[in-house]
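These come from TrEMBL:
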- 3-118: domain 'C2' (DOMAIN)
- 204-321: domain 'C2' (DOMAIN)
- 355-481: domain 'C2' (DOMAIN)
- 566-596: transmembrane segment (TRANSMEM)
- 672-700: transmembrane segment (TRANSMEM)
Amino acid sequence: TNSFGTSNADLPPGDPGMYQLDVTLRRGQNLAARDRGGTSDPYVKFKLGGKEVFRSKTVHKNLNPVWEEKASILIDNLREPLYIKVFDYDFGLQDDFIGSAFLDLASLELKRQTDVTLSLKDPHYPDHDLGSIFLSVLLAPGDEREATMLTRKSWKRSSKNNYDLLPSMPYRTGNFWHRISCPSKCVLMTVVFVSSNKHHGTFQTQSLRLSDLHRKSQLWRGIVSVTLIEGRELKAMDANGLSDPYVKFRLGHQKYKSKIVPKTLNPQWREQFDFHLYEERGGIIDITVWDKDVGKRDDFIGRCQVDLSTLSKEQTHKLEMPLEEGEGYLVLLVTLTASAAVTISDLSVNSLEDQKEREEILKRYSPMMMFHNISDVGFLQVKVIRAEALMAADVTGKDSFRKSDPFCVVELNNDRLLTHTVYRNLNPEWNKIFTFNIKDIHSVLEVTVYDEDRDRSADFLGKVAIPLLSIQNGEQKAYVLKNKQLTGPTKGVIYLEIDVIFNAVKASIRTLMPKEQKYIEEEDRLSKQLLLRNFIRMKHCIMALVTAVCYISSCFDWDSPPRSLAAFLLFLFVVWNFELYMIPLALLLLLAWNYFLIVSGKDNRQHDTVVEDILEDEEEEDDRDDKDSEKKGFMNRLYAIQEVCVTVQNILDEIASFGERIKNTFNWTVPFLSWLAIVALSVFTVILYFIPLRYIVLIWGINKFTKKIRNPYAIDNNELLDFLSRVPSDVQVMQYHELKQDPTHSPSKRKKNNPA
């Protein structure tokens with residue numbers, strides 16, 4: 001440890017000591033203007049060793065911003081300067097560089113508050129005056145307790161893979177300190193200490209403290225529900241005097257995008273988005289409004305911000321937000337609620353093994369609680385135990401020693417948690433338990449294994465997708481890892497034990513409500529294979545209709561006299577005795593017939609090998625694109641009409657998926673949904689049998705006409721389409737299909753067969 005001198009200039013070359021740097025970012029002065037209006041939206045980044053360790057909030061339209069933000073940074077090498085970079089924030093575009101400066105840490109005095117003024121420079125224009133940044137810094141010897149309690153203060157923007165780099169955290173091997181970074185959608189990774197025997201007790205304690213921090217820092221403290229109602233008197237951006245507006249939301253790393261409402265200045269959206277709130281003091285939601293333009297960059301209409309720290313919790317706030325840098329305003333409903341029961345723990349702490357806690361959970365989701373808190377559908381517990389025979393992503397050493405540094409990300413819709421990293425191991429053991437609240441029983445649990453990489457984004461090792469309704473409670477299973485597209489196996493297996501407890505009535509009611517949207521992901525891109533896949537899927541749906549028409553025509557042509565005679569008699573009977581209730585009754589009989597075929601073992605459904613082959617071709621195309629993104633080909637020739645082609649591609653996907661979902665409902669692909677359809681059709685049949693149609697239509701019309709009067713801000717939805725959105729398409733059925741483990745590739749089997 002460095003002696004407490006007045007300067008750090010004489011540090012010994014091998015000094016392994018840890019220091020804590022407390023920085024207060026005060027303000028900026030006379031910053032360079034980077035926007036057309038002669039202003040900037042500045043924010044500041046601190047970098048250490050090439051890694052971002054702090055990012056400030058954005059101060060809009062100000063060349064003399066005041067931040068007054070504090071950050072605590074662990075320092076393991078005082079000869080490495082702190083790099084300060086200032087940017088101008090441009091939502092949806094690349095941020096503009098304003099200037100940068102260095103802070104020489106070796107020149108700071110220990111345990112003394114120092115005010116620092118740094119002049120910003122641009123290496124390309126060294127003579128330009130870009131303004132100044134004012135800081136207050138305090139450098140002190142590091143303390144283990146303080147080191148373990150440091151938490152992340154800012155989020156870095158989403159990368160292409162939707163995983164960002166967090167501030168680097170130090171870990172120690174022997175007598176040397178190193179830095180690691182981790183992917184986000186979490187807040188912090190557990191840091192694992194590997195130490196010499198001499199200091200084993202100290203480092204073990206520090207590892208446990210960091211493990212506690214890992215658990216606490218990933219868990220969100222609340223949910224922010226934002227309902228986008230409408231826009232009023234927006235600015236016209238098109239030549240016809242109208243706009244095609246849509247809205248983007250951002251809170252930290254979380255991003256959402258609304259639908260596009262064409263040709264209007266008073267759009268009605270009626271969409272809801274949920275954000276996780278990590279900071280107790282709240283946060284700021286950035287909202288921007290854009291005009292969609294085909295074939296060129298979208299036009300900026302205006303922006304506004306919602307400061308969550310000014311809103312009271314457990315209460316819905318109606319906000320009319322005027323747009324800055326534009327015209328008009330947005331109408332929003334914002335509700336802050338307490339956090340759901342999301343936890344991380346070790347295997348020794350198991351909620352479902354504690355009899356008292358298990359009884360409380362079962363009581364919470366018992367049939368008696370069916371109408372209490374409809375959004376709380378169920379409870380999910382995931383034990384991430386270990387993985388075996390993972391892919392070796394890193395090659396190090398003279399002998400090309402192959403290894404990986406695997407960690408595991410567990411996702412349920414927009415809820416993401418992760419394990420610690422196990423270094424240099426192809427057979428890692430995590431032994432962690434994650435719990436989630438289930439908002440939709442038709443959600444899919446995704447478990448992805450990554451290789452942590454210090455200098456770049458994490459490498460993908462494998463993934464599994466498990467629909468919640470297919471889970472067998474309390475069974476430890478080995479899941480074969482799949483590729484990114486979930487179309488085929490990759491190297492390795494992961495051992496999971498999953499338990500699902502849910503209320504069937506709540507789950508059924510939630511099925512008829514709009515499906516939760518996911519964060520903004522990578523933009524849709526044009527793909528030859530994807531376009532071909534969607535075209536063939538749509539062709540299959542059309543051919544099924546053509547086959548049905550041909551079958552009916554063959555009855556008219558008496559190609560098979562017995563069949564035609566039976567069809568003729570059925571036609572006479574149905575037409576003579578037809579009642580409206582016979583339509584849902586016929587669908588009910590079709591569901592019952594298919595169920596009988598499945599139960600009796602006479603089901604002749606075939607696996608769609610065409611879809612699987614096309615998906616594999618698509619994966620190969622993705623691999624080729626990743627390996628050589630500069631190759632010219634089909635995509636470049638279609639660049640001018642790419643957006644139109646993507647739209648056609650997505651429309652084909654929607655139509656094909658719609659037909660496949662109807663088919664899979666009657667094929668009992670998801671028994672829960674098929675049983676729900678039977679209940680709904682039975683009720684509908686009884687209603688049509690006993691109640692005249694005019695009364696049913698009258699009730700339906702009164703409900704539709706008075707819905708907006710009774711609830712002006714209700715979100716429009718169609719119960720039938722919401723139901724079908726939960727039924728998987730053929731592509732999703734194949735992606736969620738569980739692969740069988742090859743026993744010859746199991747490491748445990750090899751050990752038994754070859755003890756040597």
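Glycine is treated like the rest: Cβ placed from N, Cα and C.
No curator has checked TrEMBL annotations; they are predicted automatically.
The average pLDDT for the domain 'C2' (204-321) in the predicted structure is 80. Residue counts for the domain 'C2' (3-118) under DSSP, helix first, then strand, then coil, are 3 helix, 54 strand, 59 coil. In the domain 'C2' (355-481), the DSSP tally of helix, strand and coil residues is 16 helix, 62 strand, 49 coil.
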